[in-house]
Structures are given as structure tokens and as C-alpha cells.
Amino acid sequence: MSATNISNVREVNFDGLVGPTHNYSGLAVGNVASMSHGGLVSNPKEGALQGLAKMKSLMDAGYAQGVLPPQQRPDIGALRDLGFSGSNREVLARAAKEAPQLLRAVCSASSMWTANAGTITPSLDAADGRAHFTPANLQSSFHRYLEPGTTGRVLQAIFRDEQHFAHHPVLPATPAFADEGAANHTRLCGEYGEPGVHLFVYGRQAFGDVHSGAREPKRYPARQTLEASQAVARQHGLTDAQTVFAQQHPDAIDAGVFHNDVIAVGNGPVLLYHEMAFLDEEGTLDELRGKMTTPLIPVRVPLEAVSMEDAVASYLFNSQLLSNPDGTMTLVVPGECQEREAVWRTIQDLLLAGHNPISDVIVKDVKQSMRNGGGPACLRLRVVLTEAERAALSGRVLLNDALYDDLIAWVNRHYRDRLAPDDLADPQLAEESLTALDELTQLLKIGSVYPFQLG
Ligand code: SUG
């Protein structure tokens, strides 16, 4: 392993492109925005352009920005697995007639939320000096369970160099190993190039009664198990000294916090979190303090400042917290934060407070995604990379002005600006989507990552 200059280590945020079938089908149980917007007409073009505008403004501000392609939808292969047969057109028509809920599921553009694509351990924390990847099984919902196969191919296509990158199998797709990826994982450290402690947050425990009397949510499902988090840590070779496993507060899950990144965000030594984030708040902080090699900077937002309803509706904690060269941090929040007075006041208080490095706020409009419960942090997969690893990436996936221009033109060429639930049965949409993605793989130079053809 070559010595790493810690100042050359950067976090690259890989945002998922909003796919051409982006729609509102109300598929995600426990996700208040998705459940309440089901049936609305979506605008895939606007969604994709909003996502690209976020990427561009962060790139322009000097942050390293990557991009990940959407997945092929409708997933006609999944419909065939479920017994629909005939030509692709016939499969779509039969599903629309006999099982519209299945057609909606196989059309979801949910792969845009790349915080759920997988869990990543930077090479700096791995014994073999490679970055480790595990795609998330997303088995808690049918529409997301369809993602990991393609996700794995995309990650392997981009992080292909075996000298630098190691890929692990998806965990068994069964409730005991329910895994939602980086949305429930935070790496805390000093500088990015210094050793990190990995905070894994889970909603329930599947086996045994070690934590007798363990509490679970009553209303909505817990999408991450302790056993899944432990298995990912084990795959990546993380030791006890490098990991903290904390239970998410069940009342938060019942209030609509379906992932930890809806109620907490960490970056470097800073952990910005709501009082209701962890079942054992003090125990979690103490364990982090005990394991980190740099002082933890907890930034606690109490219930009296931001109610659970405000936290879930505004997605304050689904912000991106980004490091600046001068040691300050910038918070990238969704526009909804400005619409809630208590939330906006809290952000101003955070900026003024002397005890944290957060010095700046950027507001981004990602409303098309927000209506399905995906804020700025959901839309990005964080990958901490050394300079050599960045140079070893395959494909054209690091955003620059030329790629941005190409992607804007590509969206404008292929995307619809209106998609109602009934449009999902349109075979033309499937063709348009395939044509668009075919072109995208050439644009991004990632080879063939999609499993099926139309015909
Ligand atoms: O899994 N929404 C996603 C939102 C994921 C947000 N990601 C993070 N918090 N990291 C989900 O609930 C809705 C799709 C629909 O209804 O079509 C959906 O899947």
C-alpha cells in the first residue's frame, strides 16, 4: 500500500440521476411524502434537471461531484418472473390490467436515491488498503428489491480496478438482513484522510433476545436490522474499535423517519442530529467519543426547537454536510426548510453558534424527488477516495462542465415533462426509457450494465 497524503483524500458525492419513469405511486410504506403524494402527476424532466442543478452548483462551489445512472424501468424481467408472458408489449399490457400495483412497482425510479445503493468503507479504514462496497438488498419493499443487481453492476463498472476496490455480495434478501445501505451508515473522523469510526444505525434486531425488552416501531416497518449492519461491517473487515451500532428511536420511525439520514447527518467530527434520533442518545455519543481519535462535535437539535413533524416535512437532517478547505462546513438543505419557520430559525442558529464549524447554508430545490421522500442526502452516495483511487475510476462519471452539458442535452432529448400513473402502461415509455439509457451508458462510458432489451 502506498503512503497516503491525507490532504489528497476527498469525499466524492455520487448523485443518482432521476430516471425517465420518475412517478408518484405511493409505494414506500413509512415514508410520509411518498404515501401522501401517490397518484400525483410527476415531471421526470424537471426532476432530472433539478438533480443536475444541485450537482452543478456543488461542483461549481469546488466539491467533488460524481454521477450514477438510473436503472432500466419498467423492469419487464421482474414482470416475467412473476408469470406475465408474451412479447414485452403484452407483458406490460397484462400487468396493467391484472396487477396495476406490480406495474407501478416495476416502474419506480427509486434508484435515484443512491444513499441506499450500498455501504462503502474507504480504503483508509480497511486492513487491505482497498475501498469496500456492499450493494444494499433493499428487501423491505418490492420496488426497491429490484435495484441491487444493477446497482452491483454499476458499482463494479465504475470501481473496477481490483487493486483499489473490493466488492462484496448483497446480503441475503430476507427480513433478518434487511439492509438500506449508506442511509443508515455514517463515517465520523477528523480529516477525511484520518481513521474513521463507523456509526451503523438499525431499527430492529432480528435474532436472539440479547437486548431483552428491545423496543421496535409499532406503526411503520424498521428497514434495517442490527444483523445486516454487523454483516456489512464484517464483510469490510471493520473491527469493534472502528464500529458503533446504535438503535434508531422507534418513535422516530413511527413518525416517518424510515432511514437514519432523515434525522441525523454526520461529516468529519460533526454529528448533527435530532434529539429523537437514537434510542440511547448518551450511550451512542459516549461510545463514539470512546472510539474516535479526534473529539466528536455533537450538534443536538432538541424537540422544542424542531418538532418531529417539522423534521420529517422539511428534511432538515437530510441535508448534505460538506467540508470546506478552511475547516468550515456547508449545509445543503432542501427548499422545504425555508417553508417552516422553526426549521429555518434553527438553521440560522446553527450558523451563528460558535460550537460547530457549520458556517454556510445552500438551499436547493429538489421538489420532484422530495415528494417521494428523497432529499439532497438521499440523492447522493458518499465515497471517500484518495487521489490514486480517483484516478483509477472507470467511466466518465466525475462531473465537469462538458459532462454536465451532455447530461442536460440528454435529459432534454429524452425525458417527458408529465407522467401520470396511467401513463406507466404506455409501451412507448418503456422504449423511450431504454433508448435514453442506452445512449447514457455510451455517454458515461460504463459499458452494458442493463439486463434487458425491448422487443
Ligand atoms: O425508499 N422513496 C424512497 C425514498 C428514499 C430516500 N432515501 C434516503 N432517505 N436515503 C424510499 O422510501 C418512493 C417511490 C414511489 O412511491 O414510487 C420511494 O421509494
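Just so it is clear, glycine is given a Cβ too, placed from its N, Cα and C backbone atoms.
Look at Glu180 (active site): DSSP puts it in coil. Cβ neighbour count for Glu180 (active site) (all protein chains, 10 Å cutoff from its Cβ): 30. Marked as active site by TrEMBL: Glu180 (among others).
Classification of His259 (active site) by DSSP places it in coil, neither helical nor stranded. The active site feature in TrEMBL is assigned to His259 (among others).
Sequence-distant neighbours of Cys378 (active site, nucleophile) (same chain, 6+ residues apart, CB-CB distance under 8 A): Trp113, Thr114, Ala115, Asn116, Ala183, His259, Asp261, Asn318, Ser369. Summarising the annotation, TrEMBL assigns active site, nucleophile to Cys378.
In this structure, Arg144 (substrate binding site) is part of a helix by DSSP. Annotation comment: TrEMBL describes 25-34, Asn116, 143-144, Arg223, Asp261, Asn372 as substrate binding site.
Sparsest Cβ environment among the binding-site residues Leu27, Val29, Ala33 (other Cβ atoms counted within 10 Å): Val29. Distances between the Cα of Glu180 (active site) and those of the binding-site residues Ser25, Leu27, Asn31, Ala33, Arg144 are shortest for Arg144.
Candidate recorded positions: Val29, Ala33, Glu180. Not one of them has a Cβ under 6 Å from ligand 1. Under a cutoff of 8 A between CB atoms, and with a sequence separation of 6+ in the same chain, the neighbours of Ser25 (substrate binding site) are Gly38, Gly39, Arg104, Ala105, Cys107, Ser108, His143, Pro421, Leu424. When the neighbouring Cβ atoms lying within 10 Å are counted for each of the recorded positions (Arg144, His259), the highest count belongs to His259.
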